[in-house]
Amino acid sequence: MDKYTMIRRLEGHHHDVVACDFSPDGALLATASYDTRVYVWDPHNGDLLMEFGHLFPPPTPIFAGGANDRWVRAVSFSHDGLHVASLADDKMVRFWRIDEDCPVQVAPLSNGLCCAFSTDGSVLAAGTHDGSVYFWATPRQVPSLQHICRMSIRRVMSTQEVQKLPVPSKILAFLSYRV
C-alpha cells in the first residue's frame, strides 16, 4: 500500500457500511449500511447529499444498529447516473432516482446479497443466499441533455474545480448535484 494514499474518510452511518458504488461520472458515491440507509455522498469533499431510507420512520441512532430486518446489503448505480438500486433484508429490491426521496419501483427479492446494473443499464442482476441470480429489465430512457452535459463535466472535474467555474450559482448547484 505504499503507492496508495488515503485522502478522506466519510462518516455518518450508524452501523457497518457493507457496500458502495461510484456513479459513472465519479461525482457521487452511494453507500449501503446496516443502519437501514443508503447515503449518496460527494466523494470530492465528503458532503452528504442524499439519504434513501428503508425503514419509516428512520430509527434513531441508538436503535440503528440493532436487528431490524431492514439491513441494506447492496447498492448499485445505473449507467445513466440517475438511478440507484438497493437490496435490503426486508425481501425487497428498490429502484431510486437520485432526485426523489422515495423509491420509484419496488420488487420482491428474498435473501438478496449483491446487485449490479449491466453496462448499458438495461438489466439489474441480484445475487441471493441460495445461489441464484435474478434479473430485472429496467426502463429505457434518454437522460436530459442537461444531465448528459453534467456527467461529461464531472468526469473530468472535481467538485472543487466545478465551484471555481465562472457560471451562475444555479448552474454550480446543478453541476454539484445539489438540485
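Note: Cβ is positioned from N, Cα and C throughout, glycine not excepted.
Positions annotated as repeat 'WD' by TrEMBL: 10-51 (among others). Per-residue pLDDT, averaged along the repeat 'WD' (10-51), amounts to 91 for this model.
Per TrEMBL, repeat 'WD' is recorded for 72-106 (among others). Counting only same-chain residues 6+ beyond the ends of the repeat 'WD' (72-106), those with a CB under 8 A from a CB of the stretch are 18-25, 27-28, 30-34, 36-38, 40, 50, 52, 54, 112-121, 124, 126, 136, 138, 141, 143, 147, 151, 177, 179.
TrEMBL lists 116-136 (among others) with the feature repeat 'WD'. Cβ atoms under 8 Å from those of the repeat 'WD' (116-136) belong to residues 74, 76-80, 83, 85, 87, 93, 95, 107, 109-110 of the same chain, restricted to positions at least 6 beyond its ends.
Break the domain 'SOCS box' (135-179) down by DSSP state and the numbers are 24 helix, 3 strand, 18 coil. According to TrEMBL, the feature domain 'SOCS box' maps to 135-179.
Residue counts for the repeat 'WD' (10-51) under DSSP, helix first, then strand, then coil, are 0 helix, 22 strand, 20 coil.
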